[in-house]
Amino acid sequence: MQKNNLTVVKEFFLLGFQIGQDLRFLLFSLFFVIYCGTLCGNLLIITLVSTSRSLHTPMYFFISQLSISDIMLITNIVPNLLHILLNNGGAITLMGCITQFYFLCAPEVFDCFILAVMSYDRYVAICNPLRYTSIMTSGHCVILSLACWLYGFSIILIFIIKIAKLIFCGPNIIDHLYCDVVPLLELACSDTFIMRLEIYLLGIPNIFIPTTIIILSYTHIVSVILKISSSTGRQKAFSTCSSHLIVVSIFYWTMFCVYVVPTNGLTLTMNKTLSLLYTLLCSLLLLTPLYTVSGIRTLRKPYRRPFINI
């Protein structure tokens, strides 16, 4: 009888930043410029990698996949965020909220594993260069990329199906910028203990496995580079993986700030700022090393290693 009297929530209201109108317009303009710049920058990278024969290599192929994921992430978050800023909040349906959360998490998982694949690519190129063309073939690269895409979207789909089965009957106000897992679970009337446990059980392999691959790959890379006698040779070898190291550092640093740093002592505004750092600003910061490696280097004579064309 009590269940029949529950009012099931089918729509949520995202508060966004509860600030003055002038400041909201300023943030709207700033986020709009960042969004357009990030979108154009990633499209430029994809175009360069697709059209320039000197960039038809495994490393640049994986970079273009990372740019596609970047576009998917910011397009999922920013347009609705701009609408919220203009209207001082905005409504979103339950299915729209779950869909937004799905397309937020799936690219994140993909990024973790594609960065691990890129570290493996650098490992083979530096530690086993003579076999590079036979290991990192076109088919192998496509299979690795597809595996990352399929894993990212399938593993999150399992979690999304369980979220869709939750009952939301209480307040429908989400004091956040977008639909994330913690605000959703806090509004659920169902028991969320199992769901919260699954977050950690799914998060550990999704973070631990690619991080382990990256650490092991660069441990071997550093050991090989240190054995090179000439400083010029060491510098050239390191330059082939420096951009990837920068991308990995930015990605994991922002992820650590949002999901690992305790938020108990932080204000809601600070939590929202950290979320922006991870979604919008991280995408912009990643453009610097990616554009450098895929764009500016096309103007230079490439460092001759046995890279195979894709």
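Each Cβ is built from the backbone N, Cα and C atoms, and glycine gets one as well.
Lifted from TrEMBL, the feature list:
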| type | residues | note |
| --- | --- | --- |
| DOMAIN | 41-292 | domain 'G-protein coupled receptors family 1 profile' |
| TRANSMEM | 25-48 | transmembrane segment |
| TRANSMEM | 60-81 | transmembrane segment |
| TRANSMEM | 101-120 | transmembrane segment |
| TRANSMEM | 141-161 | transmembrane segment |
| TRANSMEM | 207-226 | transmembrane segment |
| TRANSMEM | 238-261 | transmembrane segment |
| TRANSMEM | 273-296 | transmembrane segment |
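Beyond the ends of the transmembrane segment (207-226), by six or more residues, the same chain brings 112-113, 115-116, 119-120, 122-123, 126-127, 234, 237-238, 241, 245, 248, 252 to within a C-beta distance below 8 angstroms of the stretch. Long-range contacts of the transmembrane segment (141-161) within the same chain: residues 58, 61-62, 65, 98, 101-102, 105-110, 113-114, 117, 195, 198-199, 202, 206, 310, each at least 6 residues beyond the stretch ends and with a Cβ under 8 Å from a Cβ of the stretch.
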